[in-house]
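Sharing a structure with you now.
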Amino acid sequence: QPAVTPSVILFPPSSEELKDNKATLVCLISDFYPRTVKVNWKADGNSVTQGVDTTQPSKQSNNKYAASSFLHLTANQWKSYQSVTCQVTHEGHTVEKSLAPAECS
């Protein structure tokens, strides 16, 4: 089975959650093969390791894999950044998706 680069979607925190001073970003990684994938979160270009929770890849019905990565921030942290990026590395290929908090409020 040939290698397949993942599709990456980055979801912003919900407005409901922000009211509670919480901000969870969800990076959805799907349709990749083989199953080994590395996720790196960046805020304003700097690597973030605190508050990161990444699932083990699971097999989809099409025999490719999917995983999710969550970044837990406070609403104030989220609003203080210019941009937040989910960087996914798979088989030497890197896919990046970014959000600008100012555009998501």
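Every residue, even glycine, has its Cβ placed from backbone N, Cα and C.
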Of the cysteines C27, C104, which is paired with C86 in the disulfide recorded by Swiss-Prot?
C27
What are the DSSP helix, strand and coil residue counts for the domain 'Ig-like' (6-100)?
11 helix, 55 strand, 29 coil
